[in-house]
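Peer 1: Take this structure first; my questions come after.
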Amino acid sequence: MSTHHMSGDCHHFPRGHRQPDRCPVGRHCDLACEPGYHHVSGSIIRTCLWTRDWSGAPITCEAIMCNEPMPVLGARVSYPYLSVHASATYRCSEGYRAASGDFSHTCQVDGTWSGQRPTCEKTLCGEIRVPENSNLIVKSGGLTPGSRTTFRCVPGYTIATGDNETRCSPKGQWDRPLPRCEKIDCGSPPAVSNAHTESLTGTTFMETAKYACDEGYKADVIEAPLVCGKSASWLGEQLICNEILCEALSVPANCYVKAESLIYRSIISYKCHKGFAMVSGDKNRTCQSNGSWNGTEPTCAVKRCSGPPAVANTTWSVDKKSFEQRVIYKCLPRFHLVSGELAKVCSSDLKWTGEDPVCVESSEGWDFVIEKDEPKTPKEKRMAKFGYKKSDEKVDHVATGVVASLLLTLSVAAVIALDSRLLYAHLKMMRRNVSYGVRRLLHRATVAPATVDNTA
């Protein structure tokens, strides 16, 4: 509280004013305190003296003061001073919020505070609705400031946005957004080398992806599907697929083997040695998806045709000197070969080759027997070295016999020329000998192409 003395110049009144505004010397004037101050002592009616001083005791004015602001429940008030025009401000305490009234007041000239007394009420956060696909785990403190609420997504779901925990702020608001739970999604299953996805139930929580090896590959262990886990990742052992390999096969007796490789779908081929034929098993075998060869191992045996065909007027025998199965035909006595071949060979398809021989009966009782020209004696072998055959020797002998017969016949004819009966008999015999010789020569000439070749 301060006191002001109004004296001195009649024209100046500290903390006060005069009525009228000017007061000449010798005049009575009314003095008053300025707004915000009130009269404490001294005369309020004064005379301006010739000395320009005011008559009487000086006026004392004191500042008007307001009482301390009234306390408000749940609020704090602050003010710098209590004099006129001073301000008092109310603020709700933590955990409270403004409900009604004025929170700013001014000390008026009449010593009262302006405005209505404020009220603060306890702050409460709004009720929380439990988000979809989540559970309320903890709720402590109710809805008051500082209370805490915790959520957790149900199994198979995860927080996409928001937080799993929120607190009630002093302003009565939850400080964090509520969680939004979405189904866990692992995305597309991972790629596996040499394998493909055989079945996929889905990509969300607890759904499965099953793999299968690509063609030509197989797994060493039983395949288990991958499972979409709660961490949004695929769980389980990835399938390992290895290239299918068939085991190496042994080479069958009397057989050639040609193999591309041992991988899936590769082919192994068999071929019998010369002089052998496949009597069982498979010519080609393929590596299968289970790592085994299809078919059965072949067996190669010496070629054996069934008995050679029966040919009229012939007999046959096996050529034991030939590596291949070979038979030689021979015309029956009094029959001779006119076409076909006397030798047949068992072919790779187990059939007898060559044209069947044709043997016809010899005319006039002559016995033509065509035998195979083979060197047997040392002499014949020496002749064979120079390109001669036994048949060539026979032709020479026949020619010599014919010439000798002619000479002998002529000699005898000269001796018995006088005996016509004897001459007739000798001429008949000569005709037969000449005919025999000519036929042998002609037969040799026509049959030569059908003679059996030793190299057949």
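Keep in mind that glycine also has a Cβ here, set from the backbone N, Cα and C atoms.
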Peer 1: TrEMBL annotation: Cys168 disulfide-bonded to which of Cys120, Cys125, Cys186, Cys213?
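Peer 2: Here TrEMBL pairs Cys168 with Cys125 via a disulfide bond.
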Peer 1: Restricting to the chain of Cys168 (disulfide bond) and a gap of 6 or more, list residues whose Cβ falls under 8 Å of its Cβ, or answer none.
Peer 2: Thr123, Leu124, Cys125, Gly141, Leu143, Thr144, Pro145, Gly146, Ser147, Arg148, Trp174, Asp175
Peer 1: In DSSP terms, helix, strand or coil for Cys168 (disulfide bond)?
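Peer 2: DSSP assigns Cys168 (disulfide bond) to strand.
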Peer 1: What is the three-state DSSP composition of the domain 'Sushi' (64-122), stated as helix, strand and coil residue counts?
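Peer 2: In the domain 'Sushi' (64-122), the DSSP-based counts are 0 helix, 26 strand, 33 coil.
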Peer 1: Compute the average pLDDT of the predicted model within the domain 'Sushi' (8-63).
Peer 2: 76
